[in-house]
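Asker: Checked Swiss-Prot, it gives:
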- 19, 131, 350: substrate binding site (BINDING)
- 106, 107, 176, 204, 233: pyridoxal 5'-phosphate binding site (BINDING)
- 236: N6-(pyridoxal phosphate)lysine (MOD_RES)
């Protein structure tokens with residue numbers, strides 16, 4: 001029997017779920033060129049505006065001149081260079097933990113941490129809305145895998161009462177499609193009371209959250225005792241690439257010995273680690289970026305609510321606008337693009353059925369005037385979409401008459 005890939009692709013198209021890759025023809029930033037069209041972008045995860053920072057670029061250039069381009073080998077052979085080691089030390093100090101370990105991607109960090117810590121005879125409990133990489137890690141670990149109700153400590157407690165072996169509770173810090181925060185104090189209390197470890201993937205929290213950009217753990221004033229396993233990515237708030245796990249000496253040594261995505265892959269280019277060291281310095285030093293970003297978020301929410309748009313409970317840079325149907329979300333994104341604004345339409349299976357949305361993301365690189373331009377375009381596009389839907393309903397009623 002042959003693979004019928006054509007019918008699978010046709011089904012995706014028919015359901016308005018077909019994904020296509022926009023071609024970026026400029027550097028990252030608010031003003032981009034995509035598929036030949038100049039656009040004002042509100043869909044990047046470059047929350048602090050560091051991806052195209054001149055000092056970060058200079059650090060990358062200097063790093064390449066000193067260390068070359070490729071990592072050359074895995075960390076355990078001859079690929080663990082000076083910049084990698086220096087960055088791990090800096091990230092450990094930044095997170096207030098004894099050690100940190102670099103991974104090439106956030107997906108690999110999540111997969112490596114979960115599969116190294118639990119296996120057959122153990123238990124993994126995850127939030128239902130966790131990132132796909134966390135869910136995949138739980139399934140691939142071989143441990144007993146279950147999902148608790150979103151951000152619900154009582155649901156977690158009920159599942160913990162049935163857990164077996166070593167138990168790992170896993171949650172996003174900031175949920176990437178909703179923008180809300182995990183209730184870490186409550187989740188940590190429930191996990192600790194039952195002898196489980198809590199692992200937090202704070203991909204979207206590092207940079208925007210916390211007084212010094214230390215993410216959700218700093219935001220809630222928690223430490224290693226409450227959150228033994230802390231994951232961070234470097235391609236969002238840091239503006240570079242890669243990821244890390246921070247924790248105890250024993251945790252990091254365990255990952256070095258058992259995390260297959262760490263052991264069996266070439267290290268990231270050393271120059272990227274040089275760039276990240278500079279971006280970490282800027283992230284900590286330039287607190288105005290977080291302050292400006294917070295002001296933009298408040299400005300956007302006030303304007304969007306005045307337009308009657310349905311927002312979610314988020315004070316993070318992720319500001320979803322609930323639309324409902326996939327076709328309507330795609331249409332609204334297209335109307336914005338016709339007005340020179342780029343916002344991503346998020347559809348199932350990334351989000352639950354009938355909860356398609358526009359995922360607006362704000363950056364410290366945006367200006368107040370650019371946010372106002374987005375709001376103006378949203379108002380015009382929303383009215384256009386409403387008129388189109390009304391016309392379709394009237395046409396259908398006419399056909400039924």
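Just so you know, the numbers here start at 1 and follow the chain as drawn.
Using N, Cα and C of the backbone, Cβ positions are placed for all residues, glycine too.
I would like each feature placed in context: is it buried or exposed, what are its neighbours, and how far apart are things?
Answerer: In this view, residue 350 (substrate binding site) is surrounded by 16 other Cβ atoms within 10 Å of its Cβ, with every protein chain counted.
Every protein chain considered, the tally of other Cβ atoms within 10 Å of the Cβ of residue 176 (pyridoxal 5'-phosphate binding site) stands at 23.
Counting only residues at least six positions away in the same chain, the Cβ atoms of 45, 46, 47, 203, 204, 206, 207 sit under 8 Å from the Cβ of residue 236 (N6-(pyridoxal phosphate)lysine). In the three-state DSSP assignment, the secondary structure recorded for residue 236 (N6-(pyridoxal phosphate)lysine) is coil.
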Asker: Fewest other Cβ atoms within 10 Å: which of the binding-site residues 19, 131, 204 wins that one? Let me know.
Answerer: 19
Asker: Please report the DSSP secondary structure of residue 176 (pyridoxal 5'-phosphate binding site), reduced to three states.
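Answerer: The three-state answer is coil.
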Asker: If you compare CA-to-CA distances from residue 176 (pyridoxal 5'-phosphate binding site) to each of the binding-site residues 19, 131, 350, which comes out shortest?
Answerer: 131
Asker: Between 106, 107, 233, which of the binding-site residues has its C-beta surrounded by the fewest other C-beta atoms within 10 Å?
Answerer: 107
Asker: Fill in the CA-CA distance, residue 19 (substrate binding site) to residue 107 (pyridoxal 5'-phosphate binding site), as an integer in Å.
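Answerer: Cα-Cα distance, residue 19 (substrate binding site) to residue 107 (pyridoxal 5'-phosphate binding site): 20 Å.
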Asker: I need the CA-to-CA distance for residue 107 (pyridoxal 5'-phosphate binding site) versus residue 350 (substrate binding site), whole Å please.
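Answerer: Computed Cα spacing between residue 107 (pyridoxal 5'-phosphate binding site) and residue 350 (substrate binding site) is 16 Å.
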